[in-house]
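So the structure is just underneath, and the comments pick up after that.
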């Protein structure tokens, strides 16, 4: 059996997943695109050593920052982990905020064309608005389902259309199949989520995100996209103050969470799990247990 737990950054899904895994004697499989990097546990908000001691975690801190990573590689490796978990007679809990990675694990691998380095190089010279306009002209329906402000998704969807010669709907037909298991999405009021994100940004700065960034060697193109990495490097070069850096980190995280909420609204199969400031991770996990009939 596989369970899925989603939610925007800062919603508390990792803590809920740990509580739920303890209750079910389950193991956690991350669907986060950046927690795979060993050298970035603070910036990626990877599970703490204490949480990893409580519950087995997979797909966390498995590769160096010099290595590129993508959703297809993640899918194949995570699926092997899930097969091994099931072979031990245990439940797998998939959680993480990277939409495509999560979607592949819940609904299967898309047959879309692989990444095209030449196209990506050409995209680098274009604005997000220009890329989205081109996607709209080639595949209006696909563009309508694409977040125009999310450059990563705009680039990938345009890449699929150009390299594959077919609209997005053709490649995503496999996603019409039922999910591999039940899923929940943690939802919080936006002001509360924004406050949690502000505390998270402050905590990252206090707990070593600056030192973590300063100690990095060369990074792959994928690792370079880690949220906050460019901001802290700018601070280290003296271009912005520490206070400004923390504020911009919180802002960038809020913007990312907004994009995640937009994507999650389209995932109608996920059951809503409303959360308030008074709800502990354990209380939220207990509500999932009740819905599972435990």
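For all residues, glycine too, the Cβ spot is worked out from N, Cα and C.
Per Swiss-Prot, these features apply:
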{"type": "BINDING", "residues": "7, 8, 9, 10, 11, 12, 13, 14", "note": "ATP binding site"}
{"type": "BINDING", "residues": "9, 10, 11, 12, 13, 14", "note": "substrate binding site"}
{"type": "SITE", "residues": "98", "note": "site 'Interaction with substrate tRNA'"}
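Around the Cβ of residue 10 (ATP binding site), 26 further Cβ atoms fall within 10 Å across all displayed protein chains. Listed recorded positions: 11, 14, 98. The one with the lowest count of other Cβ atoms within 10 Å of its Cβ is 98. Counting other Cβ atoms within 10 Å of each Cβ, the binding-site residues 7, 8, 12 show the lowest value at 12. Counting every protein chain shown, the number of other Cβ atoms lying within 10 Å of the Cβ of residue 9 (ATP binding site) is 21. Around the Cβ of residue 13 (ATP binding site), a 10 Å sphere holds 24 further Cβ atoms from the protein chains shown. Residue 7 (ATP binding site) sits 10 Å from residue 98 (site 'Interaction with substrate tRNA'), taking the C-alpha atoms as the reference points.
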